[in-house]
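Colleague: Annotations for this protein, taken from Swiss-Prot, read as follows:
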BINDING   70, 72, 85, 88  Zn(2+) 1 binding site
BINDING   460, 462, 464  Mg(2+) binding site
BINDING   814, 888, 895, 898  Zn(2+) 2 binding site
């Protein structure tokens, strides 16, 4: 028996390994893998179905076809194991060796490996320093290459055509050697002296100054040094021996009717073998050179096709004209080995079915159909049946189950008890898309799902399906129960707020029962406790919304932390009193003593979670759900056409709007406004009118007149069904009601521009044919967008996951005191995100000091919880420096302190949490949701009416920011003449309360130091044009304003009036006029040019492209007057269509087109001599060095002569380039920019995401650095390397008193960052598999399997979560350490060598 068991042990060979290394295999290595040479192209004998000898399926080379049986049948059975049959030469062993044994083909002529040739940049070209074109000409026998010039004047590696070669042969005879084909290239590679070459290149690097040359040399040096370091020889890039894949991996399957289905690889191999054999024969026959050459070329081509079909020339096709699938195709792409089989596997023990509502379930339960449970838990049931003695064998047990005898159901109940199952709904966009539940057996065939978890799964019951998986092992069950059970996932990992929040009917029911009503039945009654209230309600003495007084028992904690009852009297309503029964201990009644809307309920659950803990919260949420359902049923809230009340003032408002539009049309006819302005103003009027009607409608809907107890008429909140649905947040929104009962409003065209004719009707009145037709535009765009954007969003998530997948919390504290300073986020002066929300759940980096007393209130390294945040709030602290993922010093991971609170658990994050993936999911998940949001409003244009003034929101003192500059015009108004001016309002304590940007050309309504009340107008402006304003008075003198050259006279057909418009230089005729810049000089009374204050340069004001000039030559102008105006483009509707690509653009770190410019240094601005299309701006720093910037003339310069700018300040208008921010302002400014921009997109959609997640991704975008000076290290200048590697190397250098490397930060887009990761397995499974593997092989890269993805691919536990412990213990055993020492991610000892 023991021998029999040993037998099985032999078969499974497991290799323990800690790293995987990839390299180029030498010919000897390939021969050592091989079990024999494949000499014939035959596969299987079509009569006997036995593999042909020496063919592609040969049993002698690859192993027996049947287990323990040789081919001729002489040896059968186990006892002959390991014998080699003398007749057929087959070893008697398991047939599965046919999956592992390789063969080889000895090539008659060397061939180049196409990956090293054609995968850009060509590695062969790099090593030989020849162009790809030249190498190809040699390889494919179009040219000779000189491999040994001898005494002749020819160059080494010189190419010769056929004629050249013959000439030279006549001339020099045998003096020189020239060859062609792969032999030639191989010869060149052999002659390459790596050491000397590297030495030469290093010398050249030091002497050369040209940037392009440095780059080129560095690249070549990198490749050569890789060869030198790894001990691989460059000539191995040329194949002499071709390995043959084991036959079971390229099977040949007989179909019925005597035909065979075969893998394409067999065809490709057959061609190689055929051509190879033919070439051997030709060489033996000493065939003419040209024939041999042709055959060699064909051999090279067939090997190319085998390795990577279609990379060079046309792809080889099979019988049915489709390209054959080569080895490279097998591993790359979505259907390749990596993504199809290694990263995504299918699992057993699963079922799927439609889901329905389970309103009676508890939060941790799901309803599982009996039939399904029986199938899923079969093995457990079999076991139980045997144990109980009801069945003696598995077969018998199976029979019992099939007959469904009553005992089986009892056993099923028992087996299922406390055995959680996993439910999953595709698409699984974040980790809450898979949760564990305890199954409850139900009749029917649909799975029942608890309504409160629908939000997490994004599920609804309109036919969604879900999959069930059964965790089998004890560990799996334990993990499912502790980590994945629905009750343990109350908070969303994206923002730390509850995700089990009641919605729809539940909200409606709770809202209905907590509303109050004037003069309800039994108003003013007083009750002793809630039981009395219940009785009164049941006996119909009071209504649900009646206002009453009731005495309630509340629980408050005393000093010992014990709950003590406290009796209080409350003025409340019947419904609220009844609801108070389900409040958990320690939650005050005032939290529900109001009309509960969706937001309030969410807050309620949040407060409950923080105060009462997870257990009570879950029970409370369940109770809320039952109550909500019950009372929404009692409420009987329905919808009826009469509920949609059309406002009385509608026709009046429409009349006014039409009148205004007519006026504007009139102005347009008189030429007072341009076409664009007219359009903008009309759209604006209709936008405003729509809002007014909506407001009037909401006012009428939301109030109703009733009589109170005294018989007086009072307003009370309406009980209109539609209003209640929208107000409670159960269904619908103001925007939707506006379309039902107000007016539909403006519609957008598919390109986003707004149609200026609004739809004045609403759905209740019905639309005319034209209105209906206009609407179809927007509605259809919504549907088309959805389809396209779902894919984009999924791709964004995939890239995010890939860039962050190896980021795991691996230690408690990295000990840094770096961090970012957090302030409240202001936009347009409003606080959109308070400081408290930004620092909640973060760890302080430095002590927090009370500004009034100067004492430390919170020490550094403290996790900010709700109490501490309140403290910061109450002390009026404006900014707090907190730790962040970006500045964490942990290498190959992150520390818990820099990350802070685990949002989904509400406490400090645990080691092993895969925060990278969580961040990626949190950012990617809403992307998909948002993409599907467009069509809910049915394409109605939602756009804010253009802002034309700015108001102060608080009382205080006005202060102008340091950049603010203004002039007083002739009317005494203050006109702003800077683009970066801000009005700041300070409160009595001198703290900044708000900051308002004021645009160029605005009229200020306040002065510096003025006291204002909230709501005061600070400045006004025309929103539809940008003015060009003069700061000086004088007489206008035009220069270069030449009609037909630089400006065009535009006559309006309607009005017959003409204006001058500046023409775009690109559109101007003649090269002279392209150079000219139309501008204005000002003359004083004596006719001299007015000079700039404090300098002798004269004032010149340039007109930008598209400016409409409003002054005439020779006209007198005063300060602050408008010389020209530039019409603003009509605004488009903003929705996430702009949003999703915007997020992708930020994370890809793309430079925006026509980006603005930032000042490179701090200094003084001056203008130099202009060139053809550019103006020259010079910044002179304090040392007197000038830095020149050439700026295209159509760009808008934000600075003026003599202005002092700081490094990193904006000098040319336009979107900023994140790379510039990093270079000039540093990491913190860059992080702030990306976080703010990304957040803005999500905020627009009302999605909350914690900044942490974005920071985690920015950390990954910054993980590479560029070496600026290599010091004594092995790095090459200009090389990109992992930050962690540089830091480690520098530590080593410092320890040995050597010169460390200098580096600068570099920002990589997420795709680039994923591909440039150290792990080649991870990169190859992401994108561009061929390129990644080629590079890795040349570099002889070694993958230490640090990330999650690499470990999934090699099939072991991931180093995160519970898998982290497994990896830690494995490392310890390998290094023989005590259990005490934690060696987390140290270099692994033995690497698995695959190709030395």
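For all residues, glycine too, the Cβ spot is worked out from N, Cα and C.
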Colleague: Other residues near the Zn(2+) 2 site, CB within 8 A of the CB centroid of 814, 888, 895, 898?
Modeller: 811, 813, 816, 883, 885, 887, 889, 890, 894, 896, 897, 899
Colleague: Per DSSP, residue 70 (Zn(2+) 1 binding site) is which: helix, strand or coil?
Modeller: coil
Colleague: Find the one among the binding-site residues 70, 72, 88, 895 whose C-alpha lies closest to that of residue 460 (Mg(2+) binding site).
Modeller: 895
Colleague: Any same-chain residues 6+ apart from residue 464 (Mg(2+) binding site) with CB under 8 Å of its CB? Would you list them in sequence order, or say none?
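Modeller: Within the chain, residue 464 (Mg(2+) binding site) has Cβ neighbours under 8 Å at 354, 355, 425.
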Colleague: Could you work out which of the binding-site residues (70, 72, 85, 88) has its C-beta surrounded by the smallest number of other C-beta atoms within 10 A?
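Modeller: Relative to the other binding-site residues in 70, 72, 85, 88, 72 has the fewest Cβ atoms within 10 Å.
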Colleague: For the binding-site residues listed here, 814, 895, 898, which shows the highest count of neighbouring CB atoms within 10 A?
Modeller: 898
Colleague: Would you please pick out, from the binding-site residues 460, 462, the one with the fewest other Cβ atoms within 10 Å of its Cβ?
Modeller: 462
Colleague: C-alpha of residue 70 (Zn(2+) 1 binding site) to C-alpha of residue 895 (Zn(2+) 2 binding site): distance in Å?
Modeller: 59
Colleague: In whole Å, note down how far the CA of residue 462 (Mg(2+) binding site) lies from the CA of residue 895 (Zn(2+) 2 binding site).
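Modeller: Here the two Cα atoms lie 44 Å apart.
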Colleague: To the nearest whole angstrom, state the Cα distance for the pair residue 814 (Zn(2+) 2 binding site) and residue 72 (Zn(2+) 1 binding site).
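Modeller: So the Cα of residue 72 (Zn(2+) 1 binding site) lies 68 Å away from that of residue 814 (Zn(2+) 2 binding site).
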Colleague: Tell me the Cα distance separating residue 88 (Zn(2+) 1 binding site) from residue 462 (Mg(2+) binding site), rounded to the nearest angstrom.
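Modeller: About 65 Å separate the Cα atoms of these two residues.
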Colleague: If you draw a 10 Å sphere around the Cβ of residue 888 (Zn(2+) 2 binding site), how many other Cβ atoms fall inside it, taking every protein chain shown into account?
Modeller: 26
Colleague: Based on DSSP, name the secondary structure state of residue 898 (Zn(2+) 2 binding site): helix, strand or coil.
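Modeller: Its secondary structure by DSSP: helix.
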Colleague: Calculate the distance in Å between the alpha carbons (Cα) of residue 898 (Zn(2+) 2 binding site) and residue 85 (Zn(2+) 1 binding site), and round it to a whole number.
Modeller: 67
Colleague: Can you tell me the CA-to-CA distance separating residue 888 (Zn(2+) 2 binding site) and residue 72 (Zn(2+) 1 binding site), as a whole number of Å?
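Modeller: Distance (Cα to Cα, whole Å): 67 Å.
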